[in-house]
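First up is the structure itself, then whatever we jot down about it.
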């Protein structure tokens, strides 16, 4: 019998993507510090946060479940000039981030970490998508900020929402930018 899949995330987008891909899973939200370890390179910083989520979820789940399970955790960051931008702290920060991205390339990196409860086996990997924003006007930026959409998203935009209109082109998986590269998840799950 295959172990149950547990999404350890508060992200409604990750839950939706897994559902739409046909996965059967439970959701257990976990909170961990998402402050990156600056001693690591950017890719490893993002992997480290996904692993911290798995480490926080495992003991919680083991105490409440008798069956074997695989915990799925992810972290997504928008990277500009080699540095993570994070989620905006406030409206002014959202403006700063969107102005920075306007007319330029950036990357979206998602780290996916899966851990099997009975063996402790972990598989993890990152996925990268390159994004090019068209030139944005101040009016467009403030109108978008007024929608509230950018406030809970890395890089201050959602490709699947109104923020998608700012993207001129992208190279890499679309769902990676939404927050969960489904093909990578399928590939990693096949290793169990």
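Note that Cβ sites are derived from N, Cα and C of the backbone, with glycine treated the same way.
According to Swiss-Prot, the feature active site, proton acceptor maps to 75, an assignment based on sequence analysis. Residues or ranges marked as site 'Important for substrate specificity' by Swiss-Prot on the basis of sequence analysis: 13, 76, 160.
Annotated features taken from Swiss-Prot, shown on the structure.
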residue	record	Cβ neighbours (10 Å)
13	site 'Important for substrate specificity'	18
75	active site, proton acceptor	27
76	site 'Important for substrate specificity'	28
160	site 'Important for substrate specificity'	17
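Residue 76 (site 'Important for substrate specificity') sits 12 Å from residue 13 (site 'Important for substrate specificity'), taking the CA atoms of both as reference points. In this structure the alpha carbons, written CA, of residue 13 (site 'Important for substrate specificity') and residue 160 (site 'Important for substrate specificity') are 9 Å apart. DSSP assigns residue 160 (site 'Important for substrate specificity') to coil, not to a helix or a strand.
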